[in-house]
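Student: Sharing a structure with you now.
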There are 2 protein chains.
Amino acid sequence: MTDKNIPDIVVSRLPIYLQTLQHLSRQGKTITSSQELGEQSFITAAQVRKDLSFFGGFGKQGSGYDINYLSARIRQILKVDRIWNVALVGSGDLGHAIARYPGFAERGFHIRYVFDNDPAKIGKMIGTLPIISTDKMVEIIRQEGIMVAMITVPSRAAQSVADQLVQAGIKAILNYAPVALNVPENIRVETVSPILQLEHMTYYL
Amino acid sequence: MTDKNIPDIVVSRLPIYLQTLQHLSRQGKTITSSQELGEQSFITAAQVRKDLSFFGGFGKQGSGYDINYLSARIRQILKVDRIWNVALVGSGDLGHAIARYPGFAERGFHIRYVFDNDPAKIGKMIGTLPIISTDKMVEIIRQEGIMVAMITVPSRAAQSVADQLVQAGIKAILNYAPVALNVPENIRVETVSPILQLEHMTYYL
(Lines of atoms letter the chains of each structure in order from A; the text may use other names.)
(Lines give C-alpha, C1' and ligand atoms only; values in the text may rest on other atoms or scores of the structure.)
Protein backbone atom coordinates (compact mmCIF):
# COMPACT_ATOMS: atom_id res chain seq x y z
CA MET A 1 0.00 0.00 0.00
CA THR A 2 2.81 2.42 0.90
CA ASP A 3 3.89 4.26 -2.20
CA LYS A 4 7.25 5.96 -1.94
CA ASN A 5 6.17 8.50 -4.54
CA ILE A 6 3.63 10.13 -2.26
CA PRO A 7 5.21 13.19 -0.66
CA ASP A 8 5.40 13.01 3.12
CA ILE A 9 3.65 16.38 3.38
CA VAL A 10 0.59 14.82 1.70
CA VAL A 11 0.69 11.83 4.03
CA SER A 12 0.89 14.21 6.99
CA ARG A 13 -2.42 15.82 5.98
CA LEU A 14 -4.37 12.54 5.76
CA PRO A 15 -4.79 12.25 9.56
CA ILE A 16 -6.21 15.78 9.54
CA TYR A 17 -8.76 14.84 6.87
CA LEU A 18 -9.63 11.71 8.80
CA GLN A 19 -10.22 13.73 11.97
CA THR A 20 -12.45 16.17 10.10
CA LEU A 21 -14.39 13.33 8.44
CA GLN A 22 -15.02 11.76 11.84
CA HIS A 23 -16.18 15.13 13.13
CA LEU A 24 -18.58 15.53 10.18
CA SER A 25 -19.84 11.99 10.66
CA ARG A 26 -20.59 12.66 14.34
CA GLN A 27 -22.68 15.61 13.15
CA GLY A 28 -24.79 13.12 11.21
CA LYS A 29 -23.45 13.97 7.75
CA THR A 30 -22.86 11.25 5.16
CA ILE A 31 -21.60 13.25 2.16
CA THR A 32 -19.02 16.04 2.07
CA SER A 33 -17.21 18.17 -0.49
CA SER A 34 -13.58 19.18 -0.92
CA GLN A 35 -14.83 22.67 -0.01
CA GLU A 36 -16.30 21.60 3.34
CA LEU A 37 -13.56 19.12 4.14
CA GLY A 38 -10.98 21.80 3.41
CA GLU A 39 -12.72 24.55 5.35
CA GLN A 40 -12.99 22.44 8.48
CA SER A 41 -9.42 21.20 8.10
CA PHE A 42 -8.06 24.71 7.40
CA ILE A 43 -6.71 23.50 4.06
CA THR A 44 -7.79 24.82 0.64
CA ALA A 45 -10.30 22.79 -1.38
CA ALA A 46 -7.81 22.58 -4.26
CA GLN A 47 -5.20 21.10 -1.94
CA VAL A 48 -7.72 18.57 -0.60
CA ARG A 49 -8.55 17.41 -4.15
CA LYS A 50 -4.88 17.25 -5.09
CA ASP A 51 -3.94 15.31 -1.95
CA LEU A 52 -6.73 12.76 -2.35
CA SER A 53 -5.94 12.29 -6.05
CA PHE A 54 -2.61 10.71 -5.04
CA PHE A 55 -4.56 7.74 -3.76
CA GLY A 56 -6.97 7.44 -6.65
CA GLY A 57 -10.26 9.31 -7.01
CA PHE A 58 -12.51 9.12 -3.99
CA GLY A 59 -15.35 11.28 -5.21
CA LYS A 60 -17.31 11.86 -8.37
CA GLN A 61 -17.37 15.31 -9.95
CA GLY A 62 -20.35 17.13 -8.52
CA SER A 63 -21.58 14.45 -6.14
CA GLY A 64 -19.02 14.90 -3.35
CA TYR A 65 -17.31 12.36 -1.15
CA ASP A 66 -19.04 9.58 0.75
CA ILE A 67 -17.81 10.19 4.31
CA ASN A 68 -17.87 6.57 5.44
CA TYR A 69 -16.14 5.31 2.34
CA LEU A 70 -13.48 8.04 2.35
CA SER A 71 -12.81 7.54 6.09
CA ALA A 72 -12.42 3.80 5.59
CA ARG A 73 -10.04 4.29 2.66
CA ILE A 74 -7.88 6.81 4.52
CA ARG A 75 -7.78 4.51 7.56
CA GLN A 76 -6.61 1.74 5.27
CA ILE A 77 -3.97 3.93 3.65
CA LEU A 78 -2.67 5.13 7.01
CA LYS A 79 -2.88 1.56 8.36
CA VAL A 80 -5.11 2.69 11.21
CA ASP A 81 -7.83 0.22 10.19
CA ARG A 82 -6.30 -2.10 12.79
CA ILE A 83 -5.24 -2.06 16.44
CA TRP A 84 -1.69 -0.98 17.26
CA ASN A 85 -0.23 -2.15 20.54
CA VAL A 86 1.84 0.57 22.17
CA ALA A 87 4.57 0.55 24.82
CA LEU A 88 4.79 3.64 27.02
CA VAL A 89 8.12 4.44 28.67
CA GLY A 90 8.03 6.82 31.62
CA SER A 91 5.32 6.89 34.29
CA GLY A 92 5.58 10.45 35.58
CA ASP A 93 2.69 12.93 35.50
CA LEU A 94 2.57 12.97 31.70
CA GLY A 95 2.94 9.18 31.43
CA HIS A 96 0.03 8.80 33.84
CA ALA A 97 -2.11 11.25 31.90
CA ILE A 98 -1.38 9.44 28.63
CA ALA A 99 -1.96 5.96 30.05
CA ARG A 100 -5.32 7.07 31.46
CA TYR A 101 -6.45 9.04 28.41
CA PRO A 102 -9.06 7.04 26.46
CA GLY A 103 -8.48 8.99 23.21
CA PHE A 104 -5.54 6.88 22.03
CA ALA A 105 -7.43 3.58 22.32
CA GLU A 106 -10.47 5.12 20.62
CA ARG A 107 -8.25 5.72 17.59
CA GLY A 108 -6.73 2.24 17.69
CA PHE A 109 -3.58 2.89 19.73
CA HIS A 110 -3.79 0.58 22.73
CA ILE A 111 -1.23 1.16 25.43
CA ARG A 112 -0.41 -2.36 26.61
CA TYR A 113 2.71 -1.83 28.73
CA VAL A 114 4.07 0.98 30.89
CA PHE A 115 7.75 0.89 31.76
CA ASP A 116 9.76 2.90 34.29
CA ASN A 117 13.21 2.55 35.86
CA ASP A 118 12.19 3.91 39.28
CA PRO A 119 12.07 1.00 41.78
CA ALA A 120 9.55 2.98 43.85
CA LYS A 121 7.08 2.96 40.95
CA ILE A 122 7.53 -0.57 39.63
CA GLY A 123 4.55 -2.79 40.44
CA LYS A 124 2.19 0.15 41.03
CA MET A 125 -0.85 0.33 38.79
CA ILE A 126 -2.03 2.95 36.32
CA GLY A 127 -5.64 1.94 35.78
CA THR A 128 -5.35 -1.74 34.82
CA LEU A 129 -1.68 -1.54 33.79
CA PRO A 130 1.15 -2.41 36.16
CA ILE A 131 4.34 -0.35 35.88
CA ILE A 132 7.07 -2.73 34.72
CA SER A 133 10.84 -2.37 35.14
CA THR A 134 12.69 -1.10 32.07
CA ASP A 135 15.04 -4.06 32.69
CA LYS A 136 12.35 -6.23 31.12
CA MET A 137 11.44 -3.76 28.38
CA VAL A 138 13.47 -5.06 25.44
CA GLU A 139 12.47 -8.66 26.09
CA ILE A 140 8.74 -7.92 26.43
CA ILE A 141 8.53 -5.65 23.40
CA ARG A 142 10.36 -8.23 21.30
CA GLN A 143 8.21 -11.08 22.53
CA GLU A 144 4.98 -9.19 21.92
CA GLY A 145 6.12 -7.84 18.56
CA ILE A 146 5.20 -4.28 19.55
CA MET A 147 6.18 -1.71 16.90
CA VAL A 148 4.96 1.59 18.39
CA ALA A 149 6.27 3.31 21.53
CA MET A 150 5.82 6.58 23.38
CA ILE A 151 8.61 8.18 25.40
CA THR A 152 7.71 10.40 28.37
CA VAL A 153 10.98 10.17 30.30
CA PRO A 154 13.13 13.22 31.16
CA SER A 155 15.26 14.64 28.31
CA ARG A 156 18.53 13.27 29.68
CA ALA A 157 17.20 9.70 29.54
CA ALA A 158 15.33 9.91 26.23
CA GLN A 159 18.16 8.94 23.86
CA SER A 160 19.16 5.86 25.82
CA VAL A 161 15.50 4.77 26.01
CA ALA A 162 15.18 5.30 22.25
CA ASP A 163 18.29 3.16 21.66
CA GLN A 164 16.77 0.32 23.68
CA LEU A 165 13.43 0.63 21.91
CA VAL A 166 15.11 0.38 18.52
CA GLN A 167 17.05 -2.65 19.74
CA ALA A 168 13.72 -4.18 20.84
CA GLY A 169 12.25 -3.79 17.36
CA ILE A 170 10.18 -0.62 17.76
CA LYS A 171 9.63 1.09 14.39
CA ALA A 172 7.73 4.26 15.37
CA ILE A 173 8.38 6.49 18.38
CA LEU A 174 6.21 9.31 19.63
CA ASN A 175 8.65 11.38 21.69
CA TYR A 176 7.36 13.72 24.39
CA ALA A 177 10.86 14.61 25.67
CA PRO A 178 12.00 18.05 24.45
CA VAL A 179 15.07 16.72 22.69
CA ALA A 180 15.88 15.51 19.17
CA LEU A 181 16.44 11.74 19.04
CA ASN A 182 19.00 9.97 16.90
CA VAL A 183 17.62 6.77 15.42
CA PRO A 184 18.41 4.64 12.36
CA GLU A 185 16.89 5.83 9.10
CA ASN A 186 14.22 3.13 8.97
CA ILE A 187 12.74 4.20 12.33
CA ARG A 188 10.10 6.97 12.43
CA VAL A 189 10.16 9.54 15.21
CA GLU A 190 7.65 12.31 15.82
CA THR A 191 8.23 14.73 18.66
CA VAL A 192 5.44 16.39 20.60
CA SER A 193 6.78 19.91 21.11
CA PRO A 194 4.34 22.20 22.90
CA ILE A 195 7.11 24.60 23.93
CA LEU A 196 8.28 24.99 20.34
CA GLN A 197 4.66 25.59 19.33
CA LEU A 198 4.34 28.32 22.00
CA GLU A 199 7.59 29.93 20.86
CA HIS A 200 6.35 29.88 17.29
CA MET A 201 3.22 31.79 18.32
CA THR A 202 4.88 34.45 20.48
CA TYR A 203 6.77 35.66 17.41
CA TYR A 204 3.45 37.06 16.18
CA LEU A 205 2.39 38.72 19.45
CA MET B 1 10.60 43.27 15.06
CA THR B 2 7.96 41.09 13.39
CA ASP B 3 8.45 41.21 9.66
CA LYS B 4 5.51 40.03 7.61
CA ASN B 5 7.89 39.08 4.80
CA ILE B 6 9.43 36.25 6.73
CA PRO B 7 7.71 33.01 5.74
CA ASP B 8 5.95 31.27 8.57
CA ILE B 9 7.81 28.05 7.78
CA VAL B 10 11.08 29.86 8.58
CA VAL B 11 9.67 31.24 11.83
CA SER B 12 8.54 27.72 12.74
CA ARG B 13 12.12 26.46 12.53
CA LEU B 14 13.61 29.10 14.85
CA PRO B 15 12.38 27.38 18.04
CA ILE B 16 14.08 24.20 16.81
CA TYR B 17 17.39 26.04 16.32
CA LEU B 18 17.00 27.61 19.75
CA GLN B 19 16.44 24.20 21.35
CA THR B 20 19.52 22.80 19.61
CA LEU B 21 21.64 25.82 20.61
CA GLN B 22 20.62 25.34 24.24
CA HIS B 23 21.50 21.67 23.95
CA LEU B 24 24.95 22.52 22.53
CA SER B 25 25.47 25.13 25.23
CA ARG B 26 24.71 22.59 27.97
CA GLN B 27 27.42 20.40 26.42
CA GLY B 28 29.87 23.25 27.10
CA LYS B 29 30.16 24.47 23.51
CA THR B 30 30.41 28.19 22.72
CA ILE B 31 30.73 28.18 18.92
CA THR B 32 28.79 26.18 16.36
CA SER B 33 28.47 25.90 12.59
CA SER B 34 25.50 25.72 10.24
CA GLN B 35 26.65 22.14 9.65
CA GLU B 36 26.48 21.16 13.33
CA LEU B 37 23.36 23.20 14.06
CA GLY B 38 21.66 21.60 11.07
CA GLU B 39 22.74 18.06 11.85
CA GLN B 40 21.44 18.22 15.40
CA SER B 41 18.22 19.92 14.27
CA PHE B 42 17.70 17.45 11.39
CA ILE B 43 17.72 20.36 8.91
CA THR B 44 20.27 20.84 6.11
CA ALA B 45 23.14 23.28 6.68
CA ALA B 46 22.07 25.25 3.58
CA GLN B 47 18.57 25.65 5.03
CA VAL B 48 19.99 26.81 8.37
CA ARG B 49 22.08 29.49 6.64
CA LYS B 50 19.15 30.57 4.50
CA ASP B 51 16.76 30.74 7.45
CA LEU B 52 19.13 32.75 9.63
CA SER B 53 19.91 35.15 6.76
CA PHE B 54 16.30 36.41 6.97
CA PHE B 55 17.16 38.04 10.26
CA GLY B 56 20.54 39.46 9.24
CA GLY B 57 23.85 37.61 9.33
CA PHE B 58 24.62 36.00 12.64
CA GLY B 59 27.96 34.42 11.82
CA LYS B 60 31.11 35.30 9.96
CA GLN B 61 32.20 33.13 7.05
CA GLY B 62 34.56 30.51 8.40
CA SER B 63 34.35 31.40 12.07
CA GLY B 64 30.92 29.95 12.87
CA TYR B 65 28.14 31.19 15.12
CA ASP B 66 28.59 32.35 18.70
CA ILE B 67 26.07 30.17 20.53
CA ASN B 68 25.22 32.67 23.28
CA TYR B 69 24.81 35.55 20.88
CA LEU B 70 22.73 33.56 18.39
CA SER B 71 20.51 32.15 21.16
CA ALA B 72 19.91 35.63 22.55
CA ARG B 73 19.05 37.01 19.11
CA ILE B 74 16.62 34.18 18.30
CA ARG B 75 15.01 34.61 21.74
CA GLN B 76 14.57 38.29 20.95
CA ILE B 77 13.11 37.57 17.50
CA LEU B 78 10.67 34.99 18.89
CA LYS B 79 9.88 37.31 21.83
CA VAL B 80 10.84 34.62 24.30
CA ASP B 81 13.44 36.88 25.93
CA ARG B 82 10.71 37.73 28.45
CA ILE B 83 8.24 35.99 30.72
CA TRP B 84 4.82 35.08 29.33
CA ASN B 85 2.00 34.56 31.78
CA VAL B 86 -0.22 31.68 30.76
CA ALA B 87 -3.78 30.67 31.64
CA LEU B 88 -4.53 26.95 31.63
CA VAL B 89 -8.12 25.84 31.08
CA GLY B 90 -8.96 22.28 32.13
CA SER B 91 -7.62 20.53 35.21
CA GLY B 92 -7.97 16.88 34.24
CA ASP B 93 -5.03 14.46 34.12
CA LEU B 94 -3.35 16.35 31.30
CA GLY B 95 -4.01 19.76 32.87
CA HIS B 96 -2.44 18.50 36.09
CA ALA B 97 0.59 17.14 34.25
CA ILE B 98 1.06 20.45 32.42
CA ALA B 99 0.58 22.60 35.52
CA ARG B 100 3.17 20.54 37.41
CA TYR B 101 5.68 20.26 34.56
CA PRO B 102 8.59 22.65 35.19
CA GLY B 103 9.66 22.73 31.52
CA PHE B 104 7.26 25.48 30.49
CA ALA B 105 8.45 27.91 33.18
CA GLU B 106 12.06 27.10 32.36
CA ARG B 107 11.39 28.39 28.85
CA GLY B 108 9.58 31.51 30.09
CA PHE B 109 5.97 30.28 29.99
CA HIS B 110 4.63 30.70 33.52
CA ILE B 111 1.26 29.12 34.18
CA ARG B 112 -0.39 31.63 36.53
CA TYR B 113 -4.00 30.47 36.57
CA VAL B 114 -5.79 27.15 36.21
CA PHE B 115 -9.48 27.22 35.37
CA ASP B 116 -12.10 24.48 35.42
CA ASN B 117 -15.89 24.37 35.37
CA ASP B 118 -16.24 21.33 37.65
CA PRO B 119 -17.50 22.51 41.08
CA ALA B 120 -15.84 19.47 42.69
CA LYS B 121 -12.42 20.69 41.53
CA ILE B 122 -12.71 24.40 42.16
CA GLY B 123 -10.63 25.51 45.12
CA LYS B 124 -8.38 22.44 45.04
CA MET B 125 -4.67 23.07 44.53
CA ILE B 126 -2.28 21.94 41.80
CA GLY B 127 1.06 22.64 43.41
CA THR B 128 0.76 26.28 44.45
CA LEU B 129 -2.10 27.10 42.05
CA PRO B 130 -5.75 26.96 43.10
CA ILE B 131 -8.25 25.74 40.52
CA ILE B 132 -10.51 28.70 39.75
CA SER B 133 -14.03 28.64 38.33
CA THR B 134 -14.30 29.36 34.61
CA ASP B 135 -17.03 31.85 35.61
CA LYS B 136 -14.20 34.19 36.65
CA MET B 137 -11.96 33.36 33.69
CA VAL B 138 -12.72 36.22 31.30
CA GLU B 139 -12.51 38.83 34.05
CA ILE B 140 -9.20 37.57 35.47
CA ILE B 141 -7.50 37.15 32.09
CA ARG B 142 -8.58 40.64 31.07
CA GLN B 143 -7.48 42.18 34.36
CA GLU B 144 -4.09 40.50 34.26
CA GLY B 145 -3.56 41.21 30.59
CA ILE B 146 -2.73 37.56 29.88
CA MET B 147 -2.22 36.84 26.17
CA VAL B 148 -1.34 33.12 26.10
CA ALA B 149 -3.63 30.22 27.05
CA MET B 150 -3.59 26.43 26.95
CA ILE B 151 -6.75 24.37 26.50
CA THR B 152 -6.91 20.85 27.97
CA VAL B 153 -10.68 20.46 28.19
CA PRO B 154 -12.62 17.68 26.39
CA SER B 155 -13.19 18.18 22.64
CA ARG B 156 -16.86 19.05 23.00
CA ALA B 157 -16.03 22.01 25.29
CA ALA B 158 -12.96 23.30 23.45
CA GLN B 159 -14.65 25.67 20.99
CA SER B 160 -16.72 27.42 23.64
CA VAL B 161 -13.64 27.81 25.86
CA ALA B 162 -11.73 29.23 22.89
CA ASP B 163 -14.54 31.73 22.24
CA GLN B 164 -14.35 32.93 25.85
CA LEU B 165 -10.56 33.17 25.74
CA VAL B 166 -10.71 35.31 22.60
CA GLN B 167 -13.32 37.50 24.28
CA ALA B 168 -10.96 37.85 27.27
CA GLY B 169 -8.14 39.12 25.06
CA ILE B 170 -6.06 35.95 24.59
CA LYS B 171 -3.94 36.15 21.42
CA ALA B 172 -2.28 32.74 21.33
CA ILE B 173 -3.84 29.38 22.18
CA LEU B 174 -2.08 26.07 22.57
CA ASN B 175 -4.88 23.56 22.04
CA TYR B 176 -4.55 20.03 23.42
CA ALA B 177 -8.11 19.04 22.48
CA PRO B 178 -8.24 16.87 19.33
CA VAL B 179 -10.44 19.28 17.41
CA ALA B 180 -9.87 22.21 15.04
CA LEU B 181 -10.77 25.55 16.65
CA ASN B 182 -12.41 28.47 14.88
CA VAL B 183 -10.92 31.78 15.97
CA PRO B 184 -10.62 35.25 14.42
CA GLU B 185 -7.75 35.72 12.00
CA ASN B 186 -5.61 37.75 14.39
CA ILE B 187 -5.54 34.95 16.99
CA ARG B 188 -2.89 32.22 16.73
CA VAL B 189 -3.78 28.62 17.47
CA GLU B 190 -1.44 25.65 17.56
CA THR B 191 -2.83 22.21 18.22
CA VAL B 192 -0.93 19.46 19.99
CA SER B 193 -1.93 16.36 18.01
CA PRO B 194 -0.18 13.21 19.20
CA ILE B 195 -2.81 10.97 17.60
CA LEU B 196 -2.32 12.61 14.20
CA GLN B 197 1.42 12.18 14.65
CA LEU B 198 0.94 8.48 15.39
CA GLU B 199 -1.33 8.06 12.36
CA HIS B 200 1.27 9.78 10.21
CA MET B 201 3.90 7.25 11.31
CA THR B 202 1.83 4.10 10.90
CA TYR B 203 1.56 4.87 7.19
CA TYR B 204 5.23 3.91 6.94
CA LEU B 205 5.04 0.70 8.98
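Heads up, the Cβ atoms here are built off N, Cα and C, so glycines get one too.
So TrEMBL says this about it:
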- A:16-55: DNA-binding region (DNA_BIND)
- A:Gly90, A:Ser91, A:Gly92, A:Asp93, A:Leu94, A:Gly95: NAD(+) binding site (BINDING)
- A:79-180: domain 'CoA-binding' (DOMAIN)
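Give me the local environment of each listed feature.
Tutor: For the DNA-binding region (A:16-55), the list of distant contacts is 3, 6, 10, 63-68, 70-71, 73-75, 77-78, 80: same-chain residues at least six beyond its ends, Cβ to Cβ under 8 Å.
Under 8 Å, Cβ to Cβ, and six or more positions away along its own chain, A:Ser91 (NAD(+) binding site) finds A:Ala99, A:Val114, A:Phe115, A:Asp116, A:Asp118, A:Lys121, A:Lys124, A:Ile126, A:Ile131, A:Thr152.
Residue counts for the domain 'CoA-binding' (A:79-180) under DSSP (helix as H, G, I; strand as E, B; rest coil) come to 37 helix, 29 strand, 36 coil.
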Student: Among the binding-site residues A:Gly92, A:Gly95, which residue has the fewest other Cβ atoms within 10 Å of its own Cβ?
Tutor: A:Gly92
Student: Which ones, out of the binding-site residues A:Gly90, A:Ser91, A:Asp93, A:Leu94, lie near enough to chain B that their C-beta is under 8 angstroms from one of its C-beta atoms?
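Tutor: The binding-site residues close to chain B are A:Asp93, A:Leu94.
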Student: Within a 10 Å radius around the Cβ, which one of these binding-site residues has the most neighbouring Cβ atoms: A:Gly90, A:Asp93, A:Leu94?
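Tutor: Ranked by Cβ atoms within 10 Å, first place goes to A:Gly90.
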Student: If you run through the DNA-binding region (A:16-55) with DSSP, how many residues end up as helix, strand and coil?
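Tutor: Counts, helix then strand then coil: 28 helix, 2 strand, 10 coil.
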